[in-house]
Number of protein chains: 2
Amino acid sequence: MTDTPAIQRWAVRIEYDGTGLVGWQRQSSGVSVQGLLEEAASRLAGGTPVGSITAGRTDAGVHALAQVAHLDFPAGIKLTPHAVREGLSYHLKPHAVVVVDAAPVSLDWNARFSATWRAYRYRILNRRARPALVAGHVWHVKSPLDTERMNEAASLLLGLHDFTSFRAAACQAKSPIRTLDHLAVRREGDEILITARARSFLHHQVRNMVGTLKQVGCGYWAPERVAQALAARDRSAAGQTAPAEGLYLSGVGYEPDPFSPPATER
Amino acid sequence: MTDTPAIQRWAVRIEYDGTGLVGWQRQSSGVSVQGLLEEAASRLAGGTPVGSITAGRTDAGVHALAQVAHLDFPAGIKLTPHAVREGLSYHLKPHAVVVVDAAPVSLDWNARFSATWRAYRYRILNRRARPALVAGHVWHVKSPLDTERMNEAASLLLGLHDFTSFRAAACQAKSPIRTLDHLAVRREGDEILITARARSFLHHQVRNMVGTLKQVGCGYWAPERVAQALAARDRSAAGQTAPAEGLYLSGVGYEPDPFSPPATER
């Protein structure tokens, strides 16, 4: 027995197109990001199984610009950030999943529990014509949305609240209390971009907030009704769950950031 | 015989994903935007063949955010902007081609010859990792590109020039003289966006300019070499043809704009 740990933990930042995937978590019913990543890592480790933990278990069809996970490799394998990034991305082909950055971390670092914030963005294509160039990557809403009203409603959700009204029935979190640090709505041409940030979110929370803001944007609801929906602590008081295809996990924060400076500059 | 024209001409603004298409022009070898659009128009016209003329015959794999074409419908058919836009888009399914706007125009209006400018944008993904979310929609360049140097080089191409060095061998234009009104390079995160505008462009001109600017951006060429390449009036003096998948026809200008106000507001 020695003091050398048998495991070398690596943090990885991952981009993926969620189209056609069953989401992060391994499932028997289809292709998952976790399954693809662990399979790629196992190939890089010469066949040894490699487990992973992620910062956010995205649902089927949800995309990621900057998902973070950690992977536990056997310590005996010599790996560099370059080899982990390139090797995993190679073995992830031809899937639309790629490792953008990799960094060695200590065993007390955990992609899920060390995260200090998660950020999401949600894209709505707001025009009559269906999407051609961004099909599968936006929620197509035909009726004109008023982003000022949506922004006013969004501000009512900021801060510490019981988000029961915006929580999926299947949500496994112990508490429905969350602190929403940022929620903003802006228009960029035909698209509406909704950005959200919190230490953590409940299951479907972002999509349920977006579906509710859409009710305000198209004039069905007054902005104040969102505050009433929040206060009701009842899922049926809020709006619909916005489709998965418009949602992107856009960032996960750590202090310190294991990827700073990026591996490409190391 | 009456004075009523036998044809009603419609201008349409079209968005498409060029992936897997043979380009604008009808070809026996595959699916073209022209073929899809004329087929959709013919269905809308109850089977009568409908011809089209476009502002820009994009190549295979090139995308369009705002292509413009005109369609000559038999005058007997009662059509509204709404019916043209929705009807064509319906018959264009399931292809990634959609009619975003439609407007009736006079027979002396021509999508190609009435256009006063064309605008293109070119997207480069400039990072080590291959694209996942934007695969097929960017040129992936791994080596870091210096956008300041690229911009400096771009400014040397502005104005009235003989663009022979940036013209495809197959180019059918009578003259290689063009006036480039705008060419700029900027970075947005991992992406580099190159925007270009002129009354008209030579075949492959934008892609050849981008391939040349890339030589400057990665440090192989000094910016001044682009002026030398232009002066050489020799295709081999300029850089490679950048791949089609990063190119977007982003707009076509007319005075007056037939789509103003947009049909959605009419």
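Just so it is clear, glycine is given a Cβ too, placed from its N, Cα and C backbone atoms.
So that you can see what the record holds, here are the features copied from TrEMBL:
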- B:15-113: domain 'Pseudouridine synthase I TruA alpha/beta' (DOMAIN)
- B:Asp59: active site, nucleophile (ACT_SITE)
- B:Tyr120: substrate binding site (BINDING)
- B:153-255: domain 'Pseudouridine synthase I TruA alpha/beta' (DOMAIN)
B:Tyr120 (substrate binding site), number of other Cβ atoms within 10 Å: 26
Helix, strand and coil residues within the domain 'Pseudouridine synthase I TruA alpha/beta' (B:153-255) as assigned by DSSP: 34 helix, 31 strand, 38 coil
Length of the line joining the Cα atoms of B:Tyr120 (substrate binding site) and B:Asp59 (active site, nucleophile), in Å: 13
Counts of helix, strand and coil residues, the domain 'Pseudouridine synthase I TruA alpha/beta' (B:15-113), according to DSSP: 24 helix, 28 strand, 47 coil
Count of other CB atoms lying within 10 Å of the CB belonging to B:Asp59 (active site, nucleophile): 19
Local confidence of the domain 'Pseudouridine synthase I TruA alpha/beta' (B:15-113) - pLDDT mean: 96
